[in-house]
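Participant: So TrEMBL says this about it:
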DOMAIN    107-288  domain 'Malic enzyme N-terminal'
ACT_SITE  Tyr130  active site, proton donor
BINDING   Arg183, Asn438, Asn482  (S)-malate binding site
ACT_SITE  Lys201  active site, proton acceptor
BINDING   Glu273, Asp274, Asp297  divalent metal cation binding site
DOMAIN    298-551  domain 'Malic enzyme NAD-binding'
Amino acid sequence: MKNCGDLVDNKSAIVGGVGDMYSEDSATLDQPITPWTISVASGYSLMRDPRYNKGLAFTEKERDAHYLRGLLPPIVLSQELQEKKMMNLIRQYEVPLHRYMAMIGLQETNERLFYKLLIDNVEELLPVVYTPTVGEACQKYGSIFRHSQGLYISLKEKGKILETLKNWPERTVQVIVVTDGERILGLGDLGCQGMGIPVGKLALYTALGGVRPSLCLPITIDVGTNNEKLLNDEFYIGLRQKRATGEEYDELLQEFMYAVKQNYGEKVLIQFEDFANHNAFELLARYSSSHLVFNDDIQGTAAVVLAGLLSALRLLGGTLADHKFLFLGAGEAGTGIADLIALEISEQNGKPIEENRKNIWLVDSKGLIISSRKESLQDFKKPWAHEHEPITGLINAVKAIKPTILIGTSGVGKQFTKEVVEDMASFNKTPLIMALSNPTSQAECTAEEAYTWSEGRAIFASGSPFDPFEYEGKTFVPGQANNAYIFPGFGLGVIMAGSIRVHNGMLLAASKALASQVTEEHYEKGMIYPPLTNIRKISANIAAKVAAKAYELGLASHLPQPEDLVESAEKCMYSPVYRSYL
């Protein structure tokens with residue numbers, strides 16, 4: 001079954017995962033295996049290996065066969081009962097960071113139980129292991145650090161990055177999520193403590209996209225930090241120096257990119273996370289033609305927002321070209337979304353992308369982006385500089401542009417004020433308001449504010465989760481434009497096809513696949529995204545469409561193309577069910 005990786009066969013694929021090549025996962029669920037580490041794992045070492053540890057679920061026969069007799073209490077608990085027990089424990093913690101630490105602790109001791117919990121309770125636990133709680137975890141990462149979960153590549157490793165990569169115990173890696181910690185969510189420069197982001201993202205690659213955890217590698221590039229609070233924090237775990245820039249930074253990143261390719265091959269997916277604007281666009285442009293690279297802040301956010309817009313058209317009416325967009329925020333997320341919207345409109349109407357940009361307006365900290373500001377603008381903002389008189393302040397831009405769709409990517413909370421929302425509602429029967437900044441504290445407005453100030457007429461989506469809200473007897477379910485809808489399935493599709501590059505057509509395919517999962521039942525509740533409870537099915541459908549586009553574009557290397565890509569994606573997905581060690 002070549003579409004799942006070179007070493008997966010049809011019989012084992014249902015539990016294996018992409019690129020399955022280890023004894024544990026190459027067996028069928030009902031086939032006993034021997035848990036191999038350095039030698040045959042047994043006794044004390046077996047209980048302390050998170051990949052193989054089953055806690056109290058080791059059977060009587062397994063306890064005899066692997067010298068576990070007496071090392072565990074006499075009771076045998078099923079994985080289902082362990083899951084129930086762990087969820088009861090997590091729910092007792094009132095502080096979100098304590099829940100996060102409990103989940104990370106479980107991941108470090110019992111990998112399969114961790115993923116079983118996350119898959120079966122995704123809506124409840126996604127905010128725990130990822131946004132918004134991961135933001136606080138990164139801020140306090142030095143204080144809560146207990147066990148290294150990835151690779152730290154600092155300026156000290158310059159000249160020996162390939163050697164450092166070889167220290168990672170897994171020889172085969174298919175997905176790398178890397179950050180330099182300079183722009184963590186809306187929290188700014190957290191330096192080395194940004195590691196929580198790659199760790200969290202890769203947990204979702206496994207739980208939501210089915211990529212086996214052993215094939216995932218979190219990496220933090222540590223070039224220092226400009227955060228004085230961290231530099232003076234005795235528990236800070238990174239380099240205590242100002243952030244390296246210019247040639248020193250570029251040389252380290254270049255060595256890293258080529259060492260990754262040399263060590264893991266042409267088809268390892270490198271996902272950039274939370275790089276500052278000035279580096280994010282440059283890195284994506286520089287390496288997209290030589291490496292398999294993806295920037296989730298630029299491309300993933302764009303794809304998930306475009307999916308929301310495409311599904312919202314069922315409620316708004318018309319096509320994308322009929323609407324007028326106003327963005328608050330012109331960084332990675334804002335310009336990335338705007339680019340993909342313009343690209344999709346061009347796909348629909350056949351007109352040049354430059355012409356389709358005209359109904360898309362962006363506001364940054366200095367006001368509306370217009371042509372008279374062009375010389376002072378960063379390169380990635382220049383395509384959005386339209387002819388208009390100068391305007392400062394969001395409310396003034398709303399009054400002048402009269403958008404049908406308002407999108408916030410500013411990273412600054414409370415910017416969609418009562419006046420802004422009421423003005424949107426004054427000239428739109430159904431205003432679409434997307435407050436996308438993370439974490440929750442940085443959202444441009446809350447779901448309650450959007451629904452109340454628009455008198456229940458707004459369609460609302462946010463980056464972080466908000467609870468359903470009742471207004472005048474009707475319950476509204478806010479949409480969450482969470483990148484978790486896109487990147488796990490997107491990555492799975494790229495890997496399934498053995499794609500050697502990422503193409504914009506694959507992003508559009510992912511957006512359309514997600515939008516197609518929204519049903520009439522969801523629309524009745526004001527939802528423009530499907531429930532996360534179905535995320536594995538959603539990811540399989542996204543993976544299939546992305547893989548199909550890779551084959552269509554001639555970028556796929558796993559040949560021939562499978563007849564049923566959805567079925568292939570589902571069979572590729574990692575299963576966290578305990579195995580029999582006999």
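We number each residue from 1, going along the chain as drawn.
Here the Cβ of each residue, glycine as well, is placed from N, Cα and C on the backbone.
TrEMBL: automatically predicted annotations, no manual curation.
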Participant: Using a 10 Å radius around its CB, how many other CB atoms surround Asn482 ((S)-malate binding site)?
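Facilitator: Here the count is 26.
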Participant: Rounding to the nearest whole angstrom, report the longest C-alpha distance spanning Arg183, Asn438, Asn482, listed for (S)-malate.
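Facilitator: Across Arg183, Asn438, Asn482, the widest Cα separation comes out at 18 Å.
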Participant: In whole Å, how far does the CA atom of Arg183 ((S)-malate binding site) lie from that of Asp297 (divalent metal cation binding site)?
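Facilitator: On Cα coordinates alone, these residues lie 10 Å apart.
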Participant: Of Lys201, Glu273, Asp274, Asp297, Asn438, which recorded positions come within 10 Å of Tyr130 (active site, proton donor), going by C-alpha to C-alpha distance?
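Facilitator: Neighbours among recorded positions, in sequence order: Lys201.
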Participant: Sorry to bug you, but what's the C-alpha spacing from the residue listed as 'active site, proton acceptor' to Asn438 ((S)-malate binding site), rounded to the closest Å?
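Facilitator: Cα-Cα, rounded: 15 Å.
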Participant: Looking only at Cβ atoms, how many others are within 10 Å of the one on Asn438 ((S)-malate binding site)?
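Facilitator: Result for Asn438 ((S)-malate binding site): 24 neighbouring Cβ atoms inside 10 Å.
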Participant: Show which residues of the chain containing Glu273 (divalent metal cation binding site), separated from it by at least 6 in sequence, have their CB under 8 Å from its CB.
Facilitator: Val177, Val178, Thr179, Gly194, Ile197, Pro198, Lys201, Asn295, Asp296, Asp297
Participant: Just to verify a number: CA distance, Asp274 (divalent metal cation binding site) to Asn482 ((S)-malate binding site), in angstrom, no decimals.
Facilitator: 15
Participant: Looking only at Cβ atoms, how many others are within 10 Å of the one on Lys201 (active site, proton acceptor)?
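Facilitator: For Lys201 (active site, proton acceptor), the count of other Cβ atoms within 10 Å is 28.
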Participant: Could you give the mean pLDDT over the domain 'Malic enzyme NAD-binding' (298-551), rounded to a whole number?
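Facilitator: Summarising the domain 'Malic enzyme NAD-binding' (298-551) by its mean pLDDT gives 95.
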